Structure formats: structure tokens, C-alpha cells
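Scroll down for the structure; my scribbles are underneath it.
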Amino acid sequence: MAYNYPPEKLSVYLSDDGGSDLTFYALLKASVFSKQWIPFCKKFNIEPRSPAAYFSTTESKCASLDTVLSQESAAIKKLYKAMEDQIETATKLGYIPEDIQTKHTGFSEWASVTSQRDHQSILQIIIDGRDSNAVDADGCVLPTLVYLSREKRPNRPHNFKAGAMNALVRILDFLYLQFQSATNNELPVMQLRVSSKISNGQIILNVDCDMHSNNSDAVKDALCFFMDEQKGNEIAYVQFPQNFNNLTKNDIYGSKMDVITKVEFPGLDGHGGALYIGTGCFHRRESLCGKKYETGYKFDMKRRIEGKVKESVNELEETSKILANCTYEEGTQWGKEMGLKYGCPVEDVITGLSIQCRGWKSIFYCPERAAFFGIAPTTLAQMLVQHKRWAEGHFQILLSKCCPFIMGHGRINLELQMGYSIYDLWAPNCLPTLCYLILPPLYLLKGIALFPKITSPWFIPYAFVIVAANAYYLAEFMWCGGTLKGWWNDRRVWMFKRTTSYLFAVIDTVFNLLGLSSSGFDVTAKVSEQDVSERYEKEIMEFGSSLSGMFTIIATLALLNLFCLVGGLKRIALNLVNSGFETMFLQVLVCGTAVAINLPVYQALFFRKDKGRLPVSLAFKSFILALLVCKIFLY
């Protein structure tokens, strides 16, 4: 709401897919606070304009240099703290006190709600931008603010995030008949039913719930691309990178993704555009709603849409609720040709691909000041679950008709198809990784060489690949602003993901294709306990008792490599292997590297006493499994 942009052209929608009156209450309190916060931001040109982020940054501490700013900052912080306390009090109680509920008619919507997964559409226009009384403390108009919790029924699929996004897009959508005469394009029948109910914005920004704005000019930055006189008409969306402001110095869980955002995505940008990653993205409405791009298409972004909505707030709320009902999409192209695609855990990527296949292009923009900040996983379990969902979704795309080499054939260029396949092949990478972590160590233990001798000419290609690949990635990682320890952490996370997240993604995808199980949506939790947060800040890897299956694999592989390294070196020392170290050098290198990478695992198994260690039962099970594999192989 505090963006540096004309408020009468700005509408903000909150999709509460959890369906909680506590969320609605929090939004109500925030709307009241905004009347003080927005003038404060614009008066002093505050950055970032998320109050929680601003008061926790060093930028707010610099306010002490300016007496006026310091005084007003202290006053506004007091208001923010009061709002925060009221919301937290209600959250701890678990309900909204009756005296508060009577102050807003919106709370009556929850009277008949018995379950968060079984309720009617709940929509409230909290601030009506058309109302002359909807102004901030300085008398300036406020943006329209809308709360939506779409209808949920147990017997109807809700399609997770894609379904929530499409419900919002339907409500946001304006009458597409206005474009029909200008483009002569045949419009889907569904679009004729979706007219402007609340706002008529031509650009849609979607941001995940765990992110906040860090740059108040991001809207203008995106519009510069859409309004470019030469290339703007072919741009479907402008994707900003996903940045995180809670990363540790050496990024213990490899969440920064700087190589992707500073090397890979800009590279894709030169071949038709980067992927849509589901957040921090500005969409042109027509492209998101199924319209094909045709050469010569032009749309005047400057012209105003005539015919403002004349219905009252109550009428708008009632008519708009219909668009968020479960039955509204029946017999339509929503989730197929229109809106975000259904049926895939990475609905954002497949939606972006389909948009590009309709002739549109995209832009990846990485400004000097980050546009958005989010919250990175603070435990190993959170990270592994997140990547399991991503890898599974990408692998499903590869094996479906939406494969970039099938859907994109003749529609996008080969370079962009290959760019998509990098991520679509994440999951199958588990297979070669598991081979290298299991076979070379076991054959080292048995004294059988798998690679050429160090004195053989055939050793040179192996040495070249090992040195060149690691040196190149290290240089790339450091060039992107990483640290040497951060690179080593990234290598560790790379191994953990490929042996667990990607493996489970392959298994679930294959089972799903065989009809043995249904794919679910894995939600990444981002809330941590105090002791977990403290260990995260100290860069101590968090294991705990969750994800026992994944952690069992990690611990078993770590112990297997340790046993094999010790046993193999013992054989070499006792001259039980022909040519000894000369013959087994590469296997010792592979096994030794795995052991070095797994040092935090050994600490969590045997030395740590905190709650973030691996449970004793899991350690015992992994020890027995690793020992059993070694014994069976030797036998």
C-alpha cells in the first residue's frame, strides 16, 4: 500500500487460503495503521516500507541523525508496537473477543464456518478506494484493500496455490470485450463472463505471504519494461529475483541461489525470458488469462478504462463472492488455458512456459536494490521438503505433454527449452549421485579399482573434469558474492538434496504415474522456535527428529563412506591392494570428499547434545544399515 505509485491506481488483495478470522483481524488492524504509516513513509522517503523490516534494519537506526525523523519514527514505532501486541494477544487467545467482532460486520462471515477446509467464500472490501472518506492522516486517498478467503469444500479439489491465485485473478479481471475490437482476437467464452467487479488494473503483481517489499519504486521499474515503445508490447511478465534477508554469512543451507539469479536467469533472458518462479512477478493481465501474442499487437498502457464500477461495497462483495466459489470453474478453461495451470507442484513454472509458448516473452530484472525479500528455510528439514516439491514438480513437467521439448517445440527456441530442462532434470540427478556415493566406496573397501591409475594417460580426463568443474563453479560462486565456506556449504547441500529430496521426488513421481499414490503439495514451514533460530544464526546445522526417512539416508551414506574409507586405507597400508594408493587414488578422493562434507552429520550422530542432533534411535539404525551393507558386499 505504501508503494511510490498513485494510490488511486493501486489495489491490494490478500488471499487468505487458510481461512482464518485472525488473519482478517490482522488485516483490519494493519489497514488502520496504514493511515499513519503511509504518510510517514512518503514524507521521509522511507526504505524499506514494510514496518517490521524497517524497524529491524540499520536504516531505522540512522533516523537518530535527524531530529524530526527520530521523533516521528519513535511515535510511529509505538503505534506499530501497539498494533503488533493486539494481534499477538488475539493469536494467543485463539479467537477474536466479542467486543471487537461487533465493530466490523466482516466477522459475521465466520459465524457459520466450522472448518478451514469447509466454508463459503468470504470477501470483504476493507478500504474502498472510491470512497472520498478513505484517506490517510494527511488527507490523501488510500489504495483499495480487499480480503478474500475462497470457498473450500472437502469433496472438491482446491488446487492449492494455483487455485487461490486464479480466484484472485477472476475477481481482479476486467471486461475483456474492450480488447476484442482492438485485437480482432477470438476470446475464450469464459472471459466474457468475467467483468470488472472491484478494480481494473492492467498489471498484476503477486507476492508470497513470507515476502515483503524492499523497494518502493519496483512498480515503476516493472512498468518501464511494459511501456517500452519498441519491445514492451511483447512482454508478458517481469520477474524479479527471490532474495532472502535472513541468510547466515556463509548460507548454511544454500538458499541464496545467486548463481541462478545472477548467471542462469540472465542467460535465459537473452533467449526469450526467464522462468516464472511464482512470487515477485508483475504480469500483464492478457497473457495470464490465455491471450496469444501476435506480431503487431499494441496496447496503450496510458489510456484509462472508462466506466467505473457504480455498485455499492455490499453489492460488490456479494457479486464478487460468486467468482471465488468452487463451482465457478466447472466447464471452463481456468487452470488449463487461463490463469495458473493446475496439476503440478510447480504451477508457476508450467504457467510461465505456457505463456511463452503463446508467443509472449518475459524479462528478468535484478535491480541494485532488491525489490523483495523473503524468508529462507532455517532448518535442514524445511530446505529438503522445499526442494523435494520443486524437483518433483519439474520432473512431472519433463514426463508430461508440458515438457519444454514437446510443448515448446516450434514455439520457443532450443536454447530456452534447454534452459528449462536444467531444472526439469534436477530429480534424475539423484541416480548418478547415489552411484558415486555407494559404488566407489564399497569397491575401495574391497580393494577393487574402478578408475585408471594415477600414472595412466587415461587418468588425465578424470583429473581435468574434476578440477575444471569444481574450479569453474567456485569462481562463479565467488564472482556472485559468495564465500569459500559458503561454497563448501553449497556442495554439502547439493549432495543432501540429490540423495534425499530428489530421490523422493523421483519415487513419488513414478508412483503417481503408476497410479499408486497421489501427489500432494508440500508446504514449507518458515516459523522456528527460539533455540532453532539461535543455532541457525550460529550456522549449526539443524537435524532434529522430523523427516526420519531422509535423515536415515543421509546418516547411512555418511557412515558407509566413513567405514569404507577407513577399511580401504587399511587395505592400502597393509599392501593388500596391487599398486596401492596409485591404483585407488580417485576412489580415496571420492570417498574422502564425501566424509569431509559429512562432518556435520557425524557431529549430529555422536557428539552434539542439543535438540538439533540426530536421534539416538536413528543413529543406531543408520549404523546397523551401513555396517550391514559393508558386510554383505565384502562377503
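Placed from the backbone N, Cα and C atoms, the Cβ positions cover glycine too.
All annotation found in TrEMBL is predicted automatically rather than curated by experts.
These numbers come from a predicted model, not from an experiment.
Check TrEMBL against the ranges 426-449, 546-569 and you find transmembrane segment recorded for 546-569. The Cβ of Asp208 (Mn(2+) binding site) has 15 neighbouring Cβ atoms from other residues within 10 Å, across all protein chains displayed. The closest partner of Asp348 (active site) among the binding-site residues, by CA position, is Lys161; the full candidate set was Asp17, Lys161, Asp208. By number of Cβ pairs under 8 Å, the transmembrane segment (614-634) is matched best by 546-569 from the list 457-475, 546-569, 584-602. Residues 380-381, 384-385, 437-438, 441-442, 444-445, 447, 496, 499-501, 503-504, 584, 587-588, 591-592, 594-595, 598, 601-602, 605, 614-615, 618-619, 621-623, 625-627, 629-630 of the same chain, all 6+ positions outside the transmembrane segment (546-569), place their C-beta atoms under 8 angstroms from a C-beta of that stretch. Sorted by the number of other CB atoms within 10 A, the recorded positions Asp17, Asp348 start with Asp17, the lowest. For Asp208 (Mn(2+) binding site) paired with Asp17 (UDP-alpha-D-glucose binding site), the C-alpha to C-alpha distance reads 12 Å. Around Lys161 (Mn(2+) binding site), taking its Cβ as the centre, 21 other Cβ atoms fall within 10 Å, counting all chains.
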